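Only one structure is covered here, and it is reproduced in the block below.
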Amino acid sequence: MLTLLTTMYLVVRAVSSRAEPIRVVVTGAAGQIAYSLLYSIAKGDVFGKDQPIILILLDIPPMLPVLEGVVMELQDCALPLLKDVIPTDKVEVAFKNVDAAILVGSMPRKEGMERKDLLKANVAIFKTQGAALEQHAKKTVKVLVVGNPANTNCLIASKSAPSIPKENFSCLTRLDHNRACSQVAMRCGVSSDHVKNVIIWGNHSSTQYPDVHHAKVNVSGSEMAAYDAVKDEAWLRGDFISTVQLRGAAVIKARKLSSAMSAAKAICDHMRDIWFGTKEGEFISMGVYAKGNPYGIPEDLIYSFPVQIKNKTWKMVDGLPINDFSRAKMDATAAELVEERDTALDFLSQ
């Protein structure tokens, strides 16, 4: 019996070791977020421990020498799952037949730059990348937009790739979600994996609404509502929300650089959940296309909702009661996204 089981195990291992590599593109690949991200992808933390990877690294021409250094480091890691690394500054090379696209690169806001100028620059970038996805990527590609303003950049990319299902596009609010989990966990004196079902509603900006009305905390083996575990409504409706909303700015103030390690971890969490699904009874936050949502949010937006994922397909969590406090916060962040979208679409039509 043991011999039979051993043989079956070896056959399964042999089959899995012959799995076709998936092609994963990361844009802004010479930047600091990618530097924290690429190793985790290449060693199997995201797409599976038996899934070979071909990594395609896209950046602008001036960054190609830096990209060569990143390639050398990835080679020097001697990672068995990493079958090839392709550095490029050409979108037609970067997006060819990709299974997953992680769009990290974007135009950062520079001193004195108006928000509309930032939007205009990024509309051009994500229109180009969306069109390249449309022309060169697999129609099953899963696209994660990280570069800010992430929600609106994601919307522009999806509109520029009309034959790829809108459901295949998402933007990163998992970093905000993780920040919210961590804040509640620290407040309750538990580890972060003892907190579940926090929600980030809306925009990945300072108007986002971190909501714990539906969250659960495991305290000493007993699961209870977050409000009961924290026992401080004033904090949950005040400093907790502003801390999560403004955490990115606080990191920049302290580091003189934006979040990289935590952003890379959140990207890994987000893509791993798309690939392998969420845990039973748990939901996470993702910026997704708002069409058909049950919460009264305008439809033509990428808005962060609570979702559950199965078979690489997300589904909004339905039926959560929304009180007046939450409703006002959810509508405020939606209003910002509508304004961003309308400005971006004006640029797109020019």
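Placed from the backbone N, Cα and C atoms, the Cβ positions cover glycine too.
A TrEMBL annotation is a machine prediction, not a hand-curated record.
As annotated by TrEMBL, active site, proton acceptor applies to His204. Residues within less than 8 Å, Cβ to Cβ, of His204 (active site, proton acceptor) and separated from it by at least 6 positions along the same chain comprise Asn148, Pro149, Ala150, Asn151, Cys171, Leu172, Thr173, Leu175, Asp176, Gly287, Ser304.
In sequence order, Ser106, Met107, Gly147, Asn148, Pro149, Thr152, Asn153, Ile156 are the residues of the chain that are 6 or more apart from Asn122 (NAD(+) binding site) and have a CB within less than 8 Å of its CB. Summarising the annotation, TrEMBL assigns NAD(+) binding site to Asp59, Asn122, Val146, Gly147, Asn148.
Summarising the annotation, TrEMBL assigns substrate binding site to Arg109, Arg115, Asn148, Arg179. Taking all protein chains in view, 20 other C-beta atoms sit within 10 angstroms of the C-beta of Asn148 (NAD(+) binding site).
Residues annotated as domain 'Lactate/malate dehydrogenase N-terminal' in TrEMBL: 23-169.
Marked as domain 'Lactate/malate dehydrogenase C-terminal' by TrEMBL: 173-347.
Per TrEMBL, the feature signal peptide maps to 1-19.
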Neighbourhood of Arg115 (substrate binding site) by C-beta distance under 8 A, where only residues 6 or more apart in the same chain count: Arg109
Integer Cα-Cα distance in angstrom, Val146 (NAD(+) binding site) to Arg179 (substrate binding site): 16
Model confidence over the domain 'Lactate/malate dehydrogenase C-terminal' (173-347) (mean pLDDT, whole number): 97
Between Arg179 (substrate binding site) and Asp59 (NAD(+) binding site): CA-CA distance (Å): 28
